[in-house]
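K.L.:
Please read through the structure below; I'll follow up with questions.
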Ligand code: NDP
Ligand code: MG
Ligand code: MG
């Protein structure tokens, strides 16, 4: 691919071989790039990367002679990995990449003046980035440049995005915009908003005495079917497909659920993301060893909704078909 020219002949390192790490590495490797993965010794991912035929080195060694270093460990692990293994090994003029702006934007990592800093954030979970690529397609990527001392950091970011996302599309952004919108989207809408909405709907029906299995279908299972229509055709076409009864109820009831108060709360949530309060709380949580998160995980895994969901999935997928949910 001519779009990858700027990466050809450069030594490329990916730190981490998890969700994003394996996808960036294998996609670029399939396109003929020279890649090394940097990992801590003796880890599970070291074994996995070697099994996939990827060169693996200790992080400090992998960074030492690299021209481009893509940093793909979990966000909360990055500042210490940067301090201990990356900072002093990055060569002058190297390009340091991220898939999310968190640490740069909140200044948990302050890269030296001598390196270029960019972002390529594929708009999809890592395993999808790889799966879609293997099928010959790609996912769009956001790109951004934070620090450009060599004058061609945008070309490097675009080339990386074109490789990982198979040229599907690039949307230019900034570290600030990507970080704040990503955090807001996952908290208020995609993860926090949607799961609480489904949970509240399910609880309302079950508490009123309805069959939990019916409640699950209405409030959880069918979510995917509606969202697939929105994804493929937009709101109007989705509303075309549902009954007039459903469409009328949609218009009159949606605004009773997502009220002015909800919108006000969304603004507060965004405010806490913008002023760094959320980032601080998350970092404090990691320092407790994820005490709160572990409690929430076990609370949810024992919940009625998950119990019913597991039964429903066995029925829908007949226990054997691939589980796409
Ligand atoms: P993962 O949790 O999947 O990363 C795991 C990898 O990081 C493993 O190889 C693991 O190695 C290594 N690792 C973990 N902790 C350490 C450590 N302390 N020192 C050294 N290596 C470590 O991360 P993600 O792929 O989810 O996230 C990577 C980046 O991509 C983040 O910036 C994230 O925000 C961003 N991103 C993620 C998306 C996703 O789909 N998950 C989507 C878009 C952006 P080991 O086997 O040694 O533990
Ligand atoms: Mg995110
Ligand atoms: Mg219905």
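Using N, Cα and C of the backbone, Cβ positions are placed for all residues, glycine too.
So TrEMBL lists the following for this protein:
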type: ACT_SITE; residues: 100; note: active site
type: BINDING; residues: 17, 18, 19, 20, 40, 43, 45, 126; note: NADP(+) binding site
type: BINDING; residues: 182, 218, 222; note: Mg(2+) 2 binding site
type: BINDING; residues: 182, 186; note: Mg(2+) 1 binding site
type: BINDING; residues: 243; note: substrate binding site
type: DOMAIN; residues: 1-174; note: domain 'KARI N-terminal Rossmann'
type: DOMAIN; residues: 174-319; note: domain 'KARI C-terminal knotted'
K.L.:
Per DSSP, what is the residue tally for the domain 'KARI C-terminal knotted' (174-319) in helix, strand and coil?
P.N.:
125 helix, 0 strand, 21 coil
K.L.:
Validating a neighbour-count step here. Other CB atoms within 10 A of the CB of residue 218 (Mg(2+) 2 binding site): how many?
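P.N.:
Excluding its own Cβ, the number within 10 Å is 15.
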K.L.:
For residue 182 (Mg(2+) 2 binding site), just count the other CB atoms lying within 10 A of its CB, please.
P.N.:
19
K.L.:
Of these binding-site residues, 19, 20, 43, 45, 243, which scores lowest on Cβ atoms within 10 Å?
P.N.:
243
K.L.:
Note down the number of other Cβ atoms within 10 Å of the Cβ of residue 18 (NADP(+) binding site), including every protein chain shown.
P.N.:
15
K.L.:
Give the residue from the recorded positions 40, 100 that has the most other Cβ atoms within 10 Å of its Cβ, counting over every protein chain displayed.
P.N.:
100
K.L.:
Identify which of the following binding-site residues, namely 126, 182, 243, place a Cβ less than 6 Å away from any atom of ligand 1, and list them by sequence position.
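P.N.:
Those binding-site residues that pass the cut-off, since their Cβ is under 6 Å from ligand 1, are 126.
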K.L.:
Between the Cα atoms of the residue listed as 'substrate binding site' and residue 222 (Mg(2+) 2 binding site), find the distance and write it as a whole number of Å.
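P.N.:
Taking the Cα atoms only, the residue listed as 'substrate binding site' lies 14 Å from residue 222 (Mg(2+) 2 binding site).
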K.L.:
Among the binding-site residues listed here, 126, 186, whose Cβ has the fewest other Cβ atoms inside 10 Å?
P.N.:
186
K.L.:
Return the single residue from the binding-site residues list (17, 222) that has the minimum number of other CB atoms within 10 Å.
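P.N.:
Among the binding-site residues 17, 222, the sparsest Cβ neighbourhood within 10 Å belongs to 222.
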K.L.:
May I ask which of the binding-site residues 186, 218, 222 is closest to residue 20 (NADP(+) binding site) if we compare their C-alpha atoms?
P.N.:
186
